[in-house]
Amino acid sequence: MVIHPKIRGFICTNAHPVGCAVHVQQQIDYIRKQPALDDAPKRVLVIGSSTGYGLASRITAAFGGGAKTLGVCFEKEPTEKRTGTAGWYNTAAFHEAAEKEGLYAHTINGDAFSDEIKEATIERIKEDLGKVDLVIYSLASPKRKDPVTGEVYSSTLKPVGQAYTTKTYDTDRDEVKEISLEPATDDEIQNTVKVMGGEDWELWIAALHDAGVLAENCKTTAYTYIGKQLTWPIYGHATIGRAKEDLDRAAAALRARYSDLNLEAYVSSLKALVTQASSAIPVMPLYISLIYGVMKEEGTHEGCIEQIYRLFTEGLYAEDPELDEAGRLRMDAKETNEATQAKVTALWNQITQDNFHELADYEGYHADFLKLFGFGLDEVDYDADVDPDVRW
Ligand code: NAD
């Protein structure tokens, strides 16, 4: 099969197995060039392990710290007519690289919100790892089926309190335009909290604890985005922000509930980056294109793997990590500091259809977007016939 990108709106509906493997290898190579992790956890569970920040966490733990990793993700396998999803191919590439290195890797593909997948994960830990020392919670999903009631909740991306009109960039039409978003209803807010808040993270930790598979001094973290004024109306102070606030509640509850094991539970705030999840959020493609340009000029730009390596070294496994007023680990200061935000805000105020490509780093944004699906990489011959039927 010859595979070229099929882009529909903010998503690419296919993926390139060789390109995804190159993208995974680039992240492994980055980690190999860094000093090895001190006090690295040796048995790591990553929930949401196949793309974005979760994949970077798995690569950091395995190739930076020599950890055995168990991943949970929700990806589509290839069929005769369709390629697998990027996360499918990333996982296959990760397994191949881990095997070569003699590192244990196992991945469970299914709905992490369900009891069945939690049980299957616990069984696998008991059989292969005994216990886990670190649980990364990196799910990004538009929907969640409640395991008790069976009700399916959908998240929404809307402002809270009042309507909001702002600029956005329509990646499909190459158009800078205004969008107006109506405020969320109470139900929409609650549903978003149900999907992306802390409840499922708490259910995971409770299930792992009750099964006796959390090691003493185990750490766990869930990822958040806090951002600043430009993104607050659609993110930080919006429906998704409400869900993320619920993670702070959950982290405090987890620390209190599992003090018997001295469980350390953190919310970690990471920078805005192109991932499958963030490209779906209105305003973010424009904001990310601008912040990429500014941070590249400042020499402070980082991708998922750089962020997560720092999270491990300066946050999770640092002797005395700096926490913010809510007890969170902050890896986003290079983005959210006043000086950098002032530059982005100045650009934001000037941006129009005519100057967009000159003022914003859309090229960088788009290249990163394509890379998420294994496209646009110099190392790959995209006219070559490749076998999409890759397994792990
Ligand atoms: P992503 O879309 O790249 O990854 C999501 C992962 O979740 C994938 O591995 C996917 O397979 C898995 N997943 C989704 N639904 C699932 C389900 N039902 N069962 C099992 N697995 C499922 O997203 P990302 O951007 O890496 O986001 C991960 C976390 O990081 C999220 O909490 C997000 O809010 C946070 N974050 C993202 C950004 C950003 O800019 N991208 C910034 C800060 C924080």
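Heads up, the Cβ atoms here are built off N, Cα and C, so glycines get one too.
Annotations in TrEMBL come from automatic prediction, not curation.
Listed features, source TrEMBL:
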ACT_SITE  Tyr235  active site, proton donor
BINDING   48-53, 74-75, 111-112, 139-140, Lys244, 273-275  NAD(+) binding site
BINDING   Tyr225  substrate binding site
DOMAIN    2-80  domain 'Trans-2-enoyl-CoA reductase-like NAD(P)H binding'
DOMAIN    82-317  domain 'Trans-2-enoyl-CoA reductase catalytic'
DOMAIN    323-386  domain 'Enoyl reductase FAD binding'
SITE      Glu75  site 'Plays an important role in discriminating NADH against NADPH'
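Everything TrEMBL records as a feature, shown here on the structure.
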residue : record                    : DSSP (3 states)
Gly48   : NAD(+) binding site       : coil
Phe74   : NAD(+) binding site       : coil
Asp111  : NAD(+) binding site       : coil
Leu139  : NAD(+) binding site       : coil
Tyr225  : substrate binding site    : coil
Tyr235  : active site, proton donor : coil
Lys244  : NAD(+) binding site       : helix
Val274  : NAD(+) binding site       : coil
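Among the recorded positions Tyr235, Lys244, Val274, no residue has its Cβ under 6 Å from any atom of ligand 1. Its Cβ taken as reference, the residue listed as 'substrate binding site' is surrounded by 21 other Cβ atoms within 10 Å in the chains shown. Under 8 Å, Cβ to Cβ, and six or more positions away along its own chain, Tyr235 (active site, proton donor) finds Tyr225, Gly227, Gly241, Ile281, Val283, Met284.
Comparing Cα positions, Glu75 (site 'Plays an important role in discriminating NADH against NADPH') lies closest to Gly48 out of the binding-site residues Gly48, Gly52, Lys244, Val274. Here the Cβ of Ser50 (NAD(+) binding site) has 27 other Cβ atoms within 10 Å, regardless of which shown protein chain they belong to. Residues within less than 8 Å, Cβ to Cβ, of Lys244 (NAD(+) binding site) and separated from it by at least 6 positions along the same chain comprise Met196, Gly197, Thr224, Tyr225, Ile226, Gly236, Val267. For Gly52 (NAD(+) binding site), the same-chain residues that are 6 or more apart in sequence and have a Cβ closer than 8 Å to its Cβ are Ser138, Ala140, Leu273, Thr275, Gln276, Ala277, Cys304, Leu372.
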